[in-house]
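Below is the structure I would like to discuss, written out as structure tokens.
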Amino acid sequence: MSQWFELQQLDSKFLEQVHQLYDDSFPMEIRQYLAQWLEKQDWEHAAYDVSFATIRFHDLLSQLDDQYSRFSLENNFLLQHNIRKSKRNLQDNFQEDPVQMSMIIYNCLKEERKILENAQRFNQAQEGNIQNTVMLDKQKELDSKVRNVKDQVMCIEQEIKTLEELQDEYDFKCKTSQNREGEANGVAKSDQKQEQLLLHKMFLMLDNKRKEIIHKIRELLNSIELTQNTLINDELVEWKRRQQSACIGGPPNACLDQLQTWFTIVAETLQQIRQQLKKLEELEQKFTYEPDPITKNKQVLSDRTFLLFQQLIQSSFVVERQPCMPTHPQRPLVLKTGVQFTVKSRLLVKLQESNLLTKVKCHFDKDVNEKNTVKGFRKFNILGTHTKVMNMEESTNGSLAAELRHLQLKEQKNAGNRTNEGPLIVTEELHSLSFETQLCQPGLVIDLETTSLPVVVISNVSQLPSGWASILWYNMLVTEPRNLSFFLNPPCAWWSQLSEVLSWQFSSVTKRGLNADQLSMLGEKLLGPNAGPDGLIPWTRFCKENINDKNFSFWPWIDTILELIKNDLLCLWNDGCIMGFISKERERALLKDQQPGTFLLRFSESSREGAITFTWVERSQNGGEPDFHAVEPYTKKELSAVTFPDIIRNYKVMAAENIPENPLKYLYPNIDKDHAFGKYYSRPKEAPEPMELDDPKRTGYIKTELISVSEVHPSRLQTTDNLLPMSPEEFDEMSRIVGPEFDSMMSTV
């Protein structure tokens, strides 16, 4: 999609900014007619190079002639007239000063890009604001419902007190009336009738109050059920999905504190209802009648309250931090036998009456059917302390939690050797950790159980990349915690899903994810030239099948590049110096129109162990197609000896009998090499220790420096005019410095 086309899709306020860029000196109609051609030219170079600007000026006139011819074929007289007029204006204004025209076009294109970037930021901010507003409104609505539930139960509490007072008064008046009837003098029949009418009226009030309270409790339980369903089926499910994404590098998981507040309020409300029902039962025992609404409804309401409370408590027991080895904090859910790992469970309800001696017990593969149904499925024992008392010290907010910090896995060895006949390889075999505890309260015991996300168990650290690939694939596609047979028939992933997860792998360990161009190249690697968001990638294509004609698959290649970035290229990647994922064809298209010495950095597509290279462009002396030179890729072995910025600073090419020259001048598109990498160059070291302490003229060893030198035949360098000839003595000395391999290389030229 051309830049000009993107601009035309913007809102009117941004289009107005585009209108202000163009006037009669360079009319917008030329920008419209020659949009793609204009965007492909290097106007920045032409803006300071008269010769290059002159060529581009005449090229532009030729393009207008071609456009005029197309309009002639269409018999479009008006557009023909406009083209001729525009061409004359350009000739009048810039024939003698083509650099000025190049400067105008360069600035216009540059300002267009700024407008696009501003529009994109504006749209993202708008989308973010909308999403945040929707989320905030949703939270406010739920918070209001939870608070309303709390208010309702307080109102019922007051109603029960009123009922108790009314019942006490009724009981007192009944007894008083009975005592008076039993006295010797008795009471007048008229007074007795009046008292009975009053007592009957009080009874009706008492009966109505009981019915009213029962009705309000029933309605409150209806509200609680709806609110609780939202908490359990929406909010908690969303949190668990966010946790899955966070485990595989996605945005950090949201805090559980808000959920805990809601869960706790609802739980306290249900506990209060249980107490209120007990109070109603006490009032019933003191005074009952037919039909008593308390007698009729108490068991149903009590059972319903208990079921809601049980459901809430059982759902509130979660794995707050998934199993993870401290040695690999950014790759949870992959566990190595014999290596300690940690896991943390938490109860999202703060109940003061809870038994603080509640123990959590951890099990491995409890009730896992695959142990019996999948051939070759491995079995493991948990070593270390796998039980712990839940306490509030494990959490800063007073919630009950238990973190098991010193767990290890050991494989159960069966008699004989393990066969490899099973359908799953080790890193596709999924296991799970489950946690059990009990909530004990007077007259109430609730069994709680929760399960971790599936884990992969490896026995060698070399299996970690493959195990992590399984974790990525599962958590990208599945929300079920116990689908341990997933890899018996793994589903395909949409490219739109996988591309996001791939970008997370970089953004989670660096400050920069993958941009659209980098993802486009990776998409083509997996899906071919017609890669799109709806493209389907099989599991085998992702990490089992060799890519193209290479002897390695896609994921191991990505993983080794990630390691290379983390260990040797982190600052350069964070600064955006590394283009990284770009095909050779795209690389040449970008460099073709750049000034000589322009280079870019990309990752090697042919190195399984992860490597980076640079390619630079040279102008051909005969005016033909430019020449491109790519250096042999650098792996972690070379980068452990010399940093990549120092390699770029000191890199030399050498042709026979010429002084070596550094061909790298500008980081694409036009950033001075020293400006881009200067802050990462190694600083001069202090003078080393003297060779001979008794000789004051000796200041120390002669310092050496490792540099990268490429020896090439003079015919491969198109800029040999810039290389100064060396004398035989100079050439011999340089050969000695470079190394003994130089003579053997020269003898083959």
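A Cβ is built for glycine as well, from the same backbone N, Cα and C atoms used for every other residue.
Computed from a predicted structure; not experimentally measured.
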Test of record reading: of Tyr289, Tyr701, which one does Swiss-Prot tag as phosphotyrosine?
Tyr701
From the set Ser485, Ser520, Ser708, which residue is assigned the annotation phosphoserine by Swiss-Prot?
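The residue tagged phosphoserine by Swiss-Prot is Ser708.
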What average pLDDT is reported by the model for the domain 'SH2' (573-670)?
87
Which of these modified residues has the least crowded Cβ, counting other Cβ atoms within 10 Å: Lys296, Lys525, Lys637?
Lys637
Measuring CA to CA, name the entry from the modified residues Lys296, Lys525, Lys637 that ends up nearest Lys366 (N6-methyllysine).
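Nearest in space to Lys366 (N6-methyllysine), counting only the modified residues, is Lys525.
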Please spell out the DSSP helix, strand and coil residue counts for the domain 'SH2' (573-670).
23 helix, 26 strand, 49 coil
Provide, as an integer number of angstrom, the distance between the C-alpha atoms of Ser2 (N-acetylserine) and Lys296 (N6-methyllysine).
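Rounded to the nearest whole number, the Cα-Cα distance is 75 Å.
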Counting other Cβ atoms within 10 Å, pick out the least crowded of the modified residues Lys114, Lys366.
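Among the modified residues Lys114, Lys366, the sparsest Cβ neighbourhood within 10 Å belongs to Lys114.
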